[in-house]
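Engineer: Let me begin by handing over the structure; questions about it come next.
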Amino acid sequence: MDALVHDVRYAARAFLRSPGFAVVAAVTLALGIGANTAIFSLVHTVLLKPLPYRDPSRLIVAWDTYLPQNKMLPMFPKIGVAPPELELWRQQHEVFEDTAWYRYVPFEMALNAPGAEALSIHAGFCSTNFLRVLGAAPALGRSFANDEPPNSALISDKLWRTHFAADPGVAGRAIRLNDDVFTVIGVMPPGFSFPEWADLWLPPGPLYGDELTNPVRHAVGFIGRLKPTVTTLQASTRLGTLSARLAGEHPSTSTGWGMRVSNLQEDLTARIRPALLMLLGAVALVLLIACSNVASLLLARASSRSREIAIRSALGAGTWRIARQLFTEGILLSVAGGAAGLGVGELGLKLLSPVPTPLDWNVLIFLMAISFATGLACGAAPVIQTLRSDTNAVIKTGSATGGGAGGMRSALVVAELALAMLLVTGAGNLVKSFVRLSHVDPGFSSRGLLTMRLAIPKSRKPEVLFRRIQDAVKQIPGVDSFASTNTLPLVPSHGNAGRFNVPGSPLISSDSLPAAQLRWVSPDYFRVMRIPIRFGRAFDERDLDRPVVIINETMARRFWPGRDPVGLRFITGPWGPNPAWSTIIGVVGDVKQFGLDSEPSLDLYYPALDPLSITVHTAGNPKSLIGPVRAAIQSVDPEIPASEVRTMDQVLEESAAAQRWTMSLLGAFAALAMALALVGVYGVVSWSVTQRTREIGIRVTLGASPRTIVGEALGHGIRLTALGLAIGLMCAFLMRRSLPSLVFDVSPSDPLIYLGVVALMFTVALAACYIPARRASRVDPLIALRWE
């Protein structure tokens, strides 16, 4: 221990004598370690940290899927479970300890409490044993009983704090939801958010409708707690067998439908997992580049200390003793870098993390582990160089001989450039993908549009309410049009699908009917949203009581190819001996309903006056209308809350927010990696020039031109750059298959991206090489000849 303390003191004194070197090395490591700390903290919080439930690894969720063999029909890779399946699955007592269900799409309600402003909230219906299956319990009050009255409610911690002022006596308090009186029976603990959108939870009751009885409804999610001896794969096999049996027994409602089972945590993180793992890989490469840079610095330092080390060896210091000293120096630098990296990581999380991400003990242990590993990695290079050097030759000449140090530094720079090439290529793909995404036509014009969502109590008559709100809003100066729909495009939702039939269509079989996304819109909706009418006409007031529909272009092309479908009729339900037929009166352009990167869905529009989501158009700034429109709605009915108030431009921005976040982070890491690699190139060429100062002076004295000297120095850097970029290019091409799930409308093999990245990195590397090369051409021969 005393020897180790002595090594630490010796290293610290040495770094204090060379503060510039120590600061540069520590800052380099701080950037790499800080980036890793931030991303690991995010990965741990989102992917690795167990869910706050009892034995969360035994919780599974199951979904239905609709993947018809006919690829021309719409597909639903994840949708709610139909009631017949739900009932059958819940009977599998040999597989599950317990099972529950929950409504997987939010039920929007108006919350009215005495003395508080009306609030729009998302209610989640669930079975009474839902919390018991999860292994969760309220922080205040009690959970649902098996015979819980339907007018009971559990509220979230956030709703309790924001709307009820964290009243500890809230249990037993009466609230009004959509004109019905409910009793609060408990408050869930902080952090409980399943489903993630829920503000409160309700037991089954009259409000729920037929979603537990109608065999064609797919509206509930299934959750089960596996028995200790049952695996997720075994549960999936069992439930899949049952679903296949149902499809055979009830082909009219089950054919074409499948199912999928997954661990609850994997299901909740499925969408963000690829991006987070990619970012974790990216910061690992950044850390490797930082380590290579510091190792290169330590190699240069070891070369300048070669005589000192050789003398210590000659005086009896063993190989392990010298190696320990060099490793200690690397670890001391990495500890300093890790301490600074903790601050860098915390700052990065505050600026960039989309979710609250605390730096807990798991992150600190990770930080200490990578700091120690980084120190060993940085110290390994000078140790290897020292072991390979000839002590006697060093003592005689006063410096290390041979090209060992230079060769090792060159190899490190080549590795840095190859790794940076990987990152910059990946960032280039994401940048091009985001540019393509930003130029996608959403099918409507967002300019001048203000949108908001209204929660309508059931006692209100939608048509009367629509007309009163429309009249009030249109009186606001600057408002030139007003419309409504049940769901706005690009707003996160699970959609509202309904089956239909086109008799005689070769795409449809009697036991596998397709489904379309159902949209209820006011007559002015297409004009307000600037959605083009391709054929026929838009709705008018007369259509409100007629069986008419408008379809989108994709649906028209698919089921009536090469024809004008206006005036044609098809079956839109309900099903049975007397199905309902609807007449097509128009065809509108395709609208991106679920994302700018999604394929157009089959869209079926019905006329309706129901102000669930309202859209206001103005020639001015739509944000200026937020206050007046809210006031107008409140003047019509003070118990109707407005939520999700934003402009349509904001909706467009938010729809691409995930891609923008991933692109920005990877771009930042790629820029950092490239900067570190270029510093490495500069350092190697500069070191090479310094080592050859005497030789250069002699050659200049003998008549070598400055251009020749610059060319030779540049040539060394260019060779290293070309080799590093070639290796990186080959690795990037081999790893191209890891990107398709993260990019839109971009081929990972796009040669323009590879050529652009190579050109960029070669150009800046050339600039980094030119600075020391130019300095070499200006060496004073007299000074160089005296250099020793």
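Placement of Cβ uses the backbone N, Cα and C atoms for every residue, glycine included.
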Engineer: Between the candidate ranges 110-129, 170-189, 330-349, where does TrEMBL place the transmembrane segment annotation?
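Structural biologist: Feature transmembrane segment in TrEMBL: residues 330-349.
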Engineer: If I count Cβ-Cβ pairs under 8 A between the transmembrane segment (720-739) and each of 20-48, 330-349, 361-384, 661-685, 751-771, which range comes out on top?
Structural biologist: 751-771
Engineer: Below 8 Å between Cβ atoms, which of the listed ranges 24-239, 420-607, 668-781 makes the most pairs with the domain 'ABC3 transporter permease C-terminal' (282-389)?
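Structural biologist: Stretch with maximum Cβ contacts: 24-239.
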